[in-house]
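Accompanying notes for the structure given below.
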């Protein structure tokens, strides 16, 4: 068992190293939006030093976006828009921002209806209930809320930059990166063709949540139930031990993967902190690692320190289970998924609780019956003082 335990530890370390060292090509995930605004998804656009952050609100039918254009100046305008007719200029429903003569970032909407548009403020084909812009440190950011229909959730996107002269927006260049600034966007799935990475922050957060729920929140309690109730039956020895180790070690490896993705998410979001969730997660990782290493130090059953090892093992084990459940519900509050997923997990916990209660009562029945079977009455009989009384009690049971 010591060799198996060591193999599990080594494998877990490799998982942590791999996940910690593997980083997404995305730059947007490490960006901090002004006023600490948070968005569920982001993508690096492949031209003009631009990035798009967004959150889709299905119930409201809106997309909240932040378009960031870095490395620009106060004498340039920035624009982003969607075009249901394709990744081209004509037909684009655009959001435009520039620094006006008062030195303030100004944003407006305009519909591009020709190759030589007037770039004057006009309404779009869909409502834009909120629109603003900021210009700081050579970076223009356009904030907007778009109320779009289902058929625009997957569409084409276009972004652009150009010069501003005497308060007037000038035509953009038609060479280089200015003719490469088009692609597709799916506000629902987070996919963006042509970006440096098609993955979304929401998807990675969901993976983090699923890994931790399955490992710490389901496999760990299941492994504890296996050890506590199977070992009562002599016929299950040593099978219960191997099942317990396999279940807990698998939970630890998957849990380490989930923990590592959480650490990576935290490092990619320096402006976002969830202190209770993060602190409990670190404690869980430490306790889980102690449990795995405890296999290497597990004394024999008749060793004088076995009692102390059992106390330590049970104390840490039950602490891990309790903290895991608490942290999973902390995660639900952070991810804010559909209510059905939280209800599913609550249902699993109820099932495990009912199962543990039933097995607790049944194993106590088995233990009490076994003690009665093995009990020797004080009635003296024969040379050894036992014999007949013990046999009679065995027959009655």
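Numbers run from 1 along the shown chain.
Cβ coordinates come from backbone N, Cα and C, glycine included.
Annotated signal peptide per TrEMBL: 1-25, in sequence order.
Positions annotated as domain 'DOMON' by TrEMBL: 48-162.
Per TrEMBL, the feature domain 'Cytochrome b561' maps to 168-368. Taking the domain 'Cytochrome b561' (168-368) as a whole, pLDDT averages 84 in the prediction.
According to TrEMBL, the heme b binding site annotation covers 208, 244, 277, 313. If you take the C-beta of residue 208 (heme b binding site) and look for same-chain residues 6 or more apart in sequence within under 8 angstroms, you find 258, 261, 262, 265, 331.
Sequence-distant contacts of the transmembrane segment (209-227) (same chain, at least 6 residues past either end, Cβ-Cβ under 8 Å): 240-241, 243-244, 247-248, 250-255, 257-259, 261-262, 281, 284, 288, 317-318, 320-321, 324-325, 327-328, 331-332, 335, 337, 345, 348, 352, 355-356, 359. The annotation transmembrane segment is assigned in TrEMBL to 209-227 (among others).
Annotation source TrEMBL lists transmembrane segment at 239-260 (among others).
If you look up TrEMBL, you'll see 280-297 (among others) marked as transmembrane segment.
Residues annotated as transmembrane segment in TrEMBL: 309-329 (among others).
If you look up TrEMBL, you'll see 344-367 (among others) marked as transmembrane segment. Within the chain carrying the transmembrane segment (344-367), a Cβ under 8 angstroms from the stretch's Cβ atoms is held by residues 213, 217-218, 221-222, 225, 228-229, 232-233, 325, 328, 332, all 6 or more beyond its ends.
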Quiz prompt | For the domain 'DOMON' (48-162), the number of residues DSSP places in helix, strand and coil | solution = 3 helix, 64 strand, 48 coil
Self-check item: Number of Cβ atoms other than its own within 10 Å, given for residue 244 (heme b binding site)
Solution: 20
Quiz item: If one looks at the chain holding residue 277 (heme b binding site), which residues at least 6 apart in sequence have a CB under 8 angstroms from its CB?
Solution: 327, 330, 331, 334
Quiz item: Which residues of the same chain, at least 6 positions away in sequence, have a Cβ lying under 8 Å from the Cβ of residue 313 (heme b binding site)?
Solution: 291, 294
